[in-house]
Amino acid sequence: MLRLQSNPTSLSPAGNPITSVINVSSSSLRESIPGCFLSLLSLSKPTTMAAVALNGLKMAATSQAYLESTPVNDTRKLLSDLCRHFYGLGWVSGTGGSITIKVHDESIPKPQQLIVMSPSGVQKERMVPEDMYVLSPSGCFLSSPSPKPYPNKPPKCSDCAPLFLKAYLMRNAGAVIHSHGMESCIVTMIDPLSKEFRITHMEMIKGIQGHGYYDELVVPIIENTAYERELTDALAEAIEAYPKTTAVLVRNHGIYIWGDSWIHAKTQAECYHYLFDAAIKLYQLGLDWSTPDHGPIKKYGGKTNMSVKAGTVNSNHETEPSRRCIVLDIEGTTTPISFVTDVLFPFARNNVSRHLAATYETDETQDDIKLLRTQVQNDLEQGIVGAVPIPPDDAGKEEVIAALVANVEAMIKADRKITALKQLQGHIWRTGFQNNELEGVVFEDVPEALQKWHASGIKVYIYSSGSRLAQRLLFGYTNHGDLRKYLCGFFDTTVGNKRETKSYVEITESVGVDKPSEILFVTDVYQEAVAAKAAGLEVIISIRPGNGPLPDNHGFKTITSFSDI
């Protein structure tokens, strides 16, 4: 064993001097030690090595007593228990797969918490707590297991270590699971060219962070390599390209899943595997898991596709643009502007005070208030008309609510498209829809068009300045019933302002098309049309009763009904 010991010159989170002790199995040193630790091997003087080690570990350096403490030992045991459980599920059989968990300690911020990681190349169902590695947040080894007699292999930390560290660094995760579950492998093989797995309208989607039943779950797929560590850059690129994802699939290999805690990671892993298994079974039945009603998979030219790609020929024998997705605006496109201005806005304005008073202590409303405080502070700094200071919480509930109501009324009057307002409005409207005080209104031609597009395999999305919650409510409680079964997803201003081109670029990257021109965007607002066209989308302007005038020679195709599309 190699043992490095430094002088107690740094402090623990509690302020006590600590001695850094690093135990590593010398037989597997070069195979499993990260770069931060390998750099020590070129130094000759033990005292210098200890000093460099202490500098590299910084606050993550810990005493031998802490390495043997209850939090660390409990995490080691938990890891071995989970490995046995996951072996029974088929996720870590044949020595494959791996798990890592951060040592939860309230006195240490998560980025500085120690990491416990399973070894590589061992029977996962037979592991014991003493088999686990303990690492610093930067990946330096603090403790490694002792060698076991033949036929056991020399200890070696998981080959997944570099990928685990990326998830910890880029997502501030509390645990990461690498599964070789068969369903996570096969689901990447159904379409060898696909770079994403997509599924919607499945109950278990609700178990994935940030997703609901009506949302579309998108999981990026990266290509496999001969060695696990070579996946590191591709995993990092996928994490960056898909900021909402909590997993990355590796084709013909498995999946990496992370969460805020081991419970969160485990829950999501179970949901992901369920969804992959469901997709495989639906595919075997000839059904499309990526559409809301999971109807028959469409075939074009003898080739099976999960969505429409081919162009169509119109009555004039002209080939119309290929459309795989349609993105719809709401006001003036699917719904009369008057419904929003004369029904929804007044309902929200008239019920702000009642809603805040009734739900003031809830986490949801406190989050709404936090967003409004930030927005109002920015408004005050910019001199926005109607903005008034919001007193601190200790001023009393009534005073805070009065100030919030004044600001919200001013925002509604100015028809501001800001997240803080839209989120609160969505929560107020939810109460109205659920209590049958509100009913969504869409134009008569909308339900039939949605059904037709859906039946033809075209995916339909909504993009509105209203919150995603508000959009789901409007289409879930309409005068024509629940229309959400025809919709694949909802976008709001969290992807960007509707008059900015980058917002449509973000949508293009989210809906899974090869080219922006495969998306048709329908809106009543000229500036939105210009922004979408600049992003490469096909654009049609909707002309409905009550819509505003368009500029002369605007250059866009127009319709008065969805039946014209």
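Just so you know, the numbers here start at 1 and follow the chain as drawn.
Cβ atoms here come from the backbone N, Cα and C positions, even for glycine.
Feature annotations, courtesy of TrEMBL:
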type     : residues         : note
ACT_SITE : E203             : active site, proton donor/acceptor
BINDING  : C160             : substrate 1 binding site
BINDING  : H178, H180, H253 : Zn(2+) binding site
BINDING  : D329, E331, D524 : Mg(2+) binding site
BINDING  : S464, S465, K498 : substrate 2 binding site
DOMAIN   : 77-280           : domain 'Class II aldolase/adducin N-terminal'
REGION   : 1-288            : region 'Methylthioribulose-1-phosphate dehydratase'
REGION   : 326-565          : region 'Enolase-phosphatase E1'
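Note: the CA-CA distance between H180 (Zn(2+) binding site) and D329 (Mg(2+) binding site) rounds to 41 Å. If you check the recorded positions C160, H178, E203, D524 against S465 (substrate 2 binding site), none has a Cα inside 10 Å of its Cα. Reported as a whole number, the C-alpha separation between D524 (Mg(2+) binding site) and S464 (substrate 2 binding site) equals 12 Å. Measuring Cα to Cα from K498 (substrate 2 binding site), none of the recorded positions C160, H178, E203, H253, E331 fall within 10 Å.
Within 8 Å of the centroid of the Cβ atoms of D329, E331, D524, where the record puts Mg(2+), the same chain has further Cβ atoms from I330, G332, T333, T334, T335, I337, S464, T523, V525, E528, S542, N547.
Mean pLDDT of the predicted structure over the domain 'Class II aldolase/adducin N-terminal' (77-280): 94. Only S464, of the binding-site residues H178, H253, S464, have a C-alpha within 10 angstroms of the C-alpha of D329 (Mg(2+) binding site).
Counting every protein chain shown, 23 other Cβ atoms lie within 10 Å of the Cβ of E331 (Mg(2+) binding site). The Cβ of S464 (substrate 2 binding site) lies under 8 Å from the Cβ of D329, I330, E331, A470, Q471, F490, F491, D492, each of these being in the same chain and 6 or more residues away along the sequence.
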